[in-house]
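Novice: Pasting the relevant annotations from TrEMBL:
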type	residues	note
TRANSMEM	52-75	transmembrane segment
TRANSMEM	81-101	transmembrane segment
TRANSMEM	108-126	transmembrane segment
TRANSMEM	146-171	transmembrane segment
Amino acid sequence: MPGTIIHELSHFFVAIVLFLRVREISIFPDWQGNQIKLGSVLYEKKDPLRGILVGIAPLFIGLFCLYWLSFFLVQQNEVTFGVRLLFLYLIFVISTTMFSSKQDLVDGVYVLPILLILAILSYVLQIDYRLIFALSRDLVVIAQNILYALVKYLALSLGVHLFIIGSFELWKRIIKK
C-alpha cells in the first residue's frame, strides 16, 4: 500500500507541476471484474511529452525515495533490528511499485520519434557537444555520483526481492514435503 500511494502521488504531483488538470485520484485497491486495480490518476492530457513525464514519474520519485531512505539509514548511529526490518519493507514496496505500468507508458510511442527529431536537428545544426561537456565537467562528476548511488539502491532492492522470492520458494518446497 505505501508503494501504491507513492506511485500514484508521483503521477499526481508531476501532473500538477506540468499544469495538467487532475480529474480523479485513487490510492485504494478496487476490484474490477476478476482483477484488482491498485490505484489510478486521471488527468487531462495535453501533449505527448508531458504524458511521458507523468507516466515515468514513479520511477524517478521511487529512486529518490530509495536514495532518501538509504541516506537516512546511513545517518543513524544505532539502528535497531525493527528499524532495519521497516527499511527493508519500505525498500521492497517502493521498488516493487516504482516502475510504470502499460497504461503509464501509453505516450511512450512518441519517445523514439522525438529522439530521432532531436538527433536530426543536432546533425543539421552541427551542434558541438564537446564544448558543452568541457564546460560541465563538474556536472558529469555529479551525474556519475548520482548514477553510482542509484545502482547501489537498485542492487539493494534486487537483493531484497531475491531474498523474499527465495524465501517463498523455500517455504513452498518445505510445505510440499
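Positions of Cβ are set from backbone N, Cα and C atoms, glycine also.
Predicted automatically and left uncurated, TrEMBL annotations should be read as such.
Have a look at these and tell me how they're positioned relative to everything else.
Specialist: Non-local neighbours of the transmembrane segment (81-101) in the same chain are 1-4, 6-7, 38, 55-56, 58-59, 61-63, 65-66, 69, 73, 153-154, 156-157, 160-161, 164; each lies 6+ residues outside the stretch with a CB under 8 Å from one of its CB atoms.
Long-range contacts of the transmembrane segment (108-126) within its own chain (CB-CB distance under 8 A, at least 6 residues past either end) are made by residues 48-49, 51-52, 55.
Same-chain residues lying 6+ beyond the ends of the transmembrane segment (146-171) with a Cβ under 8 Å from its Cβ atoms: 63, 66-67, 70, 88, 91-92, 94-96.
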